[in-house]
Amino acid sequence: MTPSTSHISSQLRQLIYYHLDNNLARNALFLAGRLHAYEPRTSEASYLLALCYLQNGQVKAAWETSKHFGSRGAHLGCSYVYAQACLDLGKYTDGINALERSKGQWTSRNHWNKHSETRRQHLPDAAAVLCLQGKLWQAHKEHNKAVECYAAALKLNPFMWDAFLNLCETGVDLRVSNIYKMSPELYSMVSSAALEDVESQVLPPDGPLQTQVNPNPSLDPFTAGTTRSDSTSTHGSSALWEKLNGSTVSVASSGTGPHLPREGMETPGGQSSESDDPRVTNGNGTDVFEPPLAPAKKNRTIQTIGGDHPMDPPPKMRPTGIRPRTRTKFESDEGHTERDAGMGHRLGDRKRTVSGQVAHPSVPHSTDQGVGQRRSVRLFNQIKPSTNKISSTALGVKEGREVKKVRTTGNKARTTTSSNVGRVVSGNNRRHAGEIHDGDSKEYRGTSSTSNGSQNASSKLAISERTKSVEALAWILDLFFKIASGYFCLSRYKCSDAIQIFSSLSQGQRETPWVLAQIGRAYYEQAMYTEAEKYFVRVKAMAPSRLEDMEIYSTVLWHLKNDVELAYLAHELMDVDRLSPEAWCAVGNSFSHQRDHDQALKCFKRATQLDPHFAYGFTLQGHEYVANEEYDKALDAYRSGINADSRHYNAWYGLGTVYDKMGKLDFAEQHFRNAAKINPSNAVLICCIGLVLEKMNNPKSALIQYNRACTLAPHSVLARFRKARALMKLQDLKSALTELKVLKDMAPDEANVHYLLGKLYKMLRDKGNAIKHFTTALNLDPKAAQYIKDAMEALDDDEEDEEDMA
């Protein structure tokens with residue numbers, strides 16, 4: 001017998017998702033190749049093959065495989081993989097166009113809170129697609145459109161963290177509190193998710209079969225499934241039943257199994273449709289296909305019915321939440337014989353009666369006319385049994401489990417179709433059936449009392465679960481708000497605020513590598529290298545293999561002139577990953593500290609080869625070119641850094657430095673101001689602007705910049721020194737003396753400070769103090785002896801030496 005085409009592809013898809021979920025990418029790729037060979041024209045096979053190529057790092061192959069369906073927007077999965085490959089390959093416009101053409105397939109999707117250990121959605125939702133679209137626009141230098149995409153993604157899913165990070169990198173102003181707050185949409189989604197969890201866990205109390213309502217037809221081996229959702233009970237109306245369901249019942253191809261949950265499924269396996277609703281295959285190789293279900297075994301002998309030891313149940317599927325159509329006991333089996341017989345070839349694995357008719361389902365929702373439907377049943381219409389007696393599988397119910405269900409039916413109460421079940425079991429439980437019919441009045445009383453108790457318990461559990469879920473979501477939102485606020489402040493170089501926010505986190509969240517690294521970066525941006533080193537040391541101790549932010553750590557060690565630790569860090573990072581740009585930056589900084597600029601340049605070039613978007617690597621190249629006085633090459637390196645990241649202020653600072661050395665003061669001032677616009681709290685950049693203005697004989701404007709720098713960094717020796725010098729040029733000697741006295745206490749061993757004090761006392765005609773400070777400067781810096789001696793010899797001269805030693 002030739003196997004079903006749909007079942008072969010279904011099994012292959014199930015195996016592919018199994019290996020993907022277990023991170024066995026090579027196995028998944030091989031199986032995806034088999035599926036694509038079996039169904040070369042289907043978009044689903046192309047999507048899975050392209051996805052496996054992408055998981056294996058074969059970006060070009062993923063791009064080629066997904067191009068046919070992805071570039072046209074014919075399949076959402078193909079378009080998504082195609083766009084991801086385009087992002088890596090630099091084909092940004094192609095990826096953007098592909099996502100735009102598939103917009104109708106993802107614009108209404110929202111899978112937030114629909115993923116768990118047992119559920120998955122293998123196709124992306126709107127938030128994921130918008131985030132990818134934002135990355136493509138950002139790489140294409142269309143920052144406004146990128147911001148729109150990131151904002152839309154965060155509105156749908158505030159936990160799309162990389163969308164928030166990229167939004168911060170664009171430099172746009174944000175109100176973080178508006179992102180991480182409990183919106184009505186979030187509240188609704190988390191409440192519904194909590195309700196589903198309750199429905200999947202609540203087990204009705206023991207009692208007659210009428211009280212153990214099983215609204216999910218997929219859990220009843222005798223129920224013919226239907227794909228239509230949210231229909232009401234017919235309560236005996238055969239005409240309404242046929243109006244709602246049509247002349248035939250819609251089931252999966254060949255009747256291999258019940259329908260899957262609307263919102264997700266257990267793994268292994270995955271929804272193969274492009275919508276959230278389950279779809280079935282038509283068997284001709286088109287894109288309409290069933291979810292990957294395992295077919296039930298057929299041709300079991302009649303002896304199986306009498307088995308006392310059924311096979312172990314496969315993993316349970318989540319209930320679908322689809323309300324099944326029901327029949328009442330007033331509907332005769334003979335009235336539907338022709339319809340059931342017409343379904344026989346598709347429901348070949350279902351139980352049949354002795355006469356050969358397909359067994360009708362036991363009624364899941366309707367009871368006797370005298371018994372009203374329970375409120376708890378209406379509220380929770382997806383109860384998943386957890387006992388062995390009534391559990392079954394959504395991946396194809398085996399006969400062993402069916403028999404157990406039948407025996408349970410016989411031992412307990414009977415629904416309104418008890419006559420049908422009696423024929424199915426061929427008399428095995430007729431005695432019990434008679435007993436049940438004799439005790440109808442007792443059944444009614446038991447049903448009523450059990451229904452009230454179940455209703456109260458279910459309602460209380462639902463309220464409790466919803467409350468706990470909302471509280472948990474509020475806690476996570478508050479955590480994300482704090483972390484996001486800290487990162488946003490750091491991206492705006494409000495370093496003190498960032499440190500304060502990160503420090504306010506709970507100890508468990510604060511003492512993590514990522515948070516500690518951000519605090520270290522904040523201290524680094526403030527030029528507080530000793531404090532920054534302390535945090536990076538803790539990061540390295542917690543995560544020895546961490547590469548992120550290690551280029552900053554190596555620069556901190558370079559500033560601290562800690563050659564030994566810098567060399568050790570470089571060796572450690574190379575052992576972790578020789579192909580990481582951070583490792584090569586650390587090696588380059590080590591060579592730079594040893595004044596081996598050529599070797600340092602080679603290392604920094606290697607870093608940018610490994611990652612062409614690594615802006616800091618280009619900036620470090622520029623610094624080395626400046627050290628070698630190769631200014632033209634330095635300009636090219638800094639411009640490459642700006643091209644990689646337009647908000648990388650270090651590259652703008654480098655350009656200003658080069659133009660300053662070349663004597664192009666106007667260009668230098670412009671680039672220093674560009675850098676200060678990005679990082680307005682950096683005192684060094686403000687001092688650079690003041691220095692250029694001072695060289696342009698504009699000491700008043702320079703003094704304004706120096707005052708601003710001293711306000712930003714009160715402990716900055718450089719800012720206070722240049723402020724004192726500007727005051728001396730403006731003949732404000734008393735203010736200059738005040739600044740220098742403070743500076744002397746801050747840096748008592750700085751020769752330039754004592755030299756400037758000597759000059760100031762000379763201007764004040766205080767020769768004693770002038771000689772004292774000149775002598776101190778001479779002792780601290782013997783290399784500047786010539787300058788200091790000339791100043792001491794000119795004590796009696798009225799001419800003022802405007803030069804300093806630096």
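Glycine is treated like the rest: Cβ placed from N, Cα and C.
Look at Swiss-Prot and you will find 224-237 (among others) tagged as compositional bias 'Polar residues'.
Residues annotated as compositional bias 'Low complexity' in Swiss-Prot: 246-257 (among others).
Annotation comment: Swiss-Prot describes 328-348 (among others) as compositional bias 'Basic and acidic residues'.
Residues annotated as compositional bias 'Polar residues' in Swiss-Prot: 408-421 (among others).
Positions annotated as compositional bias 'Basic and acidic residues' by Swiss-Prot: 432-445 (among others).
The feature compositional bias 'Low complexity' is assigned by Swiss-Prot to 446-459 (among others).
Among the features that Swiss-Prot reports, region 'Disordered' is placed at 202-348 (among others).
Residues or ranges marked as region 'BimA domain' by Swiss-Prot: 260-399.
Annotation source Swiss-Prot lists region 'Disordered' at 353-372 (among others).
Taken from Swiss-Prot, the feature region 'Disordered' covers 401-460 (among others).
Sequence-distant neighbours of the repeat 'TPR 1' (76-109) (same chain, 6+ residues past either end, Cβ-Cβ under 8 Å): 43-44, 46-48, 50-51, 54, 59-60, 62-63, 66-70, 122-126, 128-129, 132-133, 135-137, 139-140, 274-276. Residues or ranges marked as repeat 'TPR 1' in Swiss-Prot: 76-109.
When Cβ-Cβ distances below 8 Å are used as the criterion, the repeat 'TPR 2' (127-160) is approached by residues 80, 83-84, 86-87, 90, 92-93, 95-96, 99, 106, 110, 112, 166-167, 169-170, 172, 179-180, 186, 476-477, 480 of the same chain, each at least six residues removed from its ends. Look at Swiss-Prot and you will find 127-160 tagged as repeat 'TPR 2'.
The repeat 'TPR 3' annotation in Swiss-Prot covers 513-546. Mean pLDDT for the repeat 'TPR 3' (513-546) in this predicted model: 95.
Annotation comment: Swiss-Prot describes 581-614 as repeat 'TPR 4'.
As annotated by Swiss-Prot, repeat 'TPR 5' applies to 616-648. Remote same-chain residues near the repeat 'TPR 5' (616-648) are listed as 169-171, 551, 581, 584-585, 588-589, 592, 597-598, 600-601, 604-605, 607-608, 654-655, 657-658, 661-662, 678 (criterion: CB distance under 8 Å, separation of at least six residues from the stretch ends).
Note on the repeat 'TPR 6' (649-682): DSSP counts are 27 helix, 0 strand, 7 coil. Look at Swiss-Prot and you will find 649-682 tagged as repeat 'TPR 6'.
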Which one of these stretches, 513-546, 581-614, 751-784, has the most C-beta pairs shorter than 8 Å to the repeat 'TPR 7' (684-716)? 513-546
Need a quick answer: max count of Cβ pairs under 8 Å to the repeat 'TPR 6' (649-682), which of 513-546, 581-614, 751-784 is it? 513-546
Would you mind splitting the repeat 'TPR 3' (513-546) into helix, strand and coil residue counts from DSSP? 27 helix, 0 strand, 7 coil
Over the span of the repeat 'TPR 5' (616-648), count residues by DSSP class, listing helix, strand and coil in order. 26 helix, 0 strand, 7 coil
Going by DSSP assignments with H, G and I as helix and E and B as strand, what are the residue counts for the repeat 'TPR 1' (76-109)? 28 helix, 0 strand, 6 coil
